[in-house]
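> Please read through the structure below; I'll follow up with questions.
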Amino acid sequence: MLTKDDFYWMAKAIQLAKKGLYTTSPNPRVGCVLVKSGQVIGEGFHLKAGELHAERNAIADANNKGHITKGATAYVTLEPCSHHGRTPPCADGLIEAGIQRVVVGMVDPNPQVDSKGVAKLQAAGIEIDTLCLAQDCEQLNLGFTKRMRTGLPYVRLKLAASIDGRTAMADGESKWITGPQARADVQHYRAQSCAIISGSGTVEVDQPALNVRKSELTSYPTDDVRQPLRVIIDSKKKVSASNRFFSHNSPTLFVGISAERPELPDNVTYRQVASKRVRGEDKVDLTDVLAYLATQGINDVWVEAGAHMAGAFIEADLVDELIIYQAPLLMGEQTFGLVNLPETDSLALAHRWSYQSVTQIGEDLKLILHKKG
């Protein structure tokens, strides 16, 4: 049975796991705390793929401090792995360390694990308790969990708009609708994403960098932050090879429906994907794009695009989380709207969302919404 102390120590493990927020992909973020006689004797988190997992880092930390791990309780945000990958199984490490009890935040959705780690620990005589702060632990790895369960990454769609829902002036001017604090918050989301998706129209007009500015990341360690894969949806070969977008040294993938590679710099990858008929036009099948990205270990996707691409993701029901930065501006009707969606003649057919949070960030509001139902 879980106690108040168990929840306290698991909360500590969750905070440790967040230290890998920007760096662990394609692996999940995991934290571990070893407790003995009411005192922490070791702690660890997973930093990046190929390096030790949280449990083994916690055991090493305890050993380095001269503590005896035998008889300790391990608090782990995710079920310890039981298979050999790039590193040895964490379940074996806990058994070898003489851990007496393991408290697990959530069962690992990876089919290679999926309760096998718990079973291995139980077979070794270790006491197990599961689902301690399970919802909080799952929040650490929404992308990893969704990829393992559905074969698709977790998709966040970012929008920035005025109070009247406008995103740019009639001449296209949009820098900057929101303030510096909101833009810095975007860097936080970019950094924790494996890929940033945009459309060829946005790239051609705005020539954005779509990268992470590490200088604006302040919450977690940044030394091992990798630039996310930039994914550009290009149904009509709109982007010129001379575009300033290509001057930024970030991994880049263009996807389109043509079998012929467009004129792109040599260091840019092109992939043909399936097409889908949308309102009388052949468009990139966005589900096919996401499914391919999932096969490449992409857990979390950040969509930062114009109204057409944003609307396409919403219309295809591919957005898990909508993040809107709303500036205290009124821009008038001769301006660009938030998203382009097909007209409906009934409120019953409207896309409905539920507010998860509304917070002030600088002078702007940050709205987080999930799809209703």
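Backbone N, Cα and C atoms are what each Cβ position is placed from, and that goes for glycine too.
Automatic, uncurated: that is what TrEMBL annotation is.
So TrEMBL lists these for the protein:
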- E55: active site, proton donor (ACT_SITE)
- H53, C81, C90: Zn(2+) binding site (BINDING)
- A160, W176, T202, S235, G306, A307, H308, M309, A310, G311, A312: NADP(+) binding site (BINDING)
- S174, R190, D206, L210, R213, E304: substrate binding site (BINDING)
- 4-129: domain 'CMP/dCMP-type deaminase' (DOMAIN)
> If you count the other Cβ atoms within 10 Å of each Cβ, which of the binding-site residues H53, R190, R213, H308 comes out on top?
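Counting every other Cβ within 10 Å of each candidate, the maximum falls on H53.
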> Return the average pLDDT for the domain 'CMP/dCMP-type deaminase' (4-129) as a whole number.
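Averaged over the domain 'CMP/dCMP-type deaminase' (4-129), the predicted model reaches a pLDDT of 96.
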> For the domain 'CMP/dCMP-type deaminase' (4-129), what are the DSSP-based totals of helix, strand and coil residues?
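The composition, in the requested order, is 43 helix, 28 strand, 55 coil.
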> In whole Å, how far does the CA atom of A312 (NADP(+) binding site) lie from that of E304 (substrate binding site)?
12
> Let's check the environment of E55 (active site, proton donor): how many other CB atoms sit within 10 Å of its CB?
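I count 30 other Cβ atoms within 10 Å of it.
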> Taking the Cβ of E304 (substrate binding site) as the centre, how many other Cβ atoms fall within a 10 Å radius?
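I get 24 for this one.
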> Same chain only, sequence gap of 6 or more: which residues have a CB within under 8 Å of the CB of C90 (Zn(2+) binding site)?
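The answer is H53, A54, E55, R56, V76, P80, C81, S82, G117.
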> Once the chains shown are all counted, how many other Cβ atoms turn up within 10 Å of the Cβ of A160 (NADP(+) binding site)?
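A160 (NADP(+) binding site): 21 neighbouring Cβ atoms within 10 Å.
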> Can you give me the residues near the recorded Zn(2+) site, meaning same chain, not H53, C81, C90 themselves, Cβ no more than 8 Å from the center of the site's Cβ atoms?
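Apart from the listed residues, the neighbours are V30, A54, E55, R56, P80, T87, P88, P89, A91, G93, G117.
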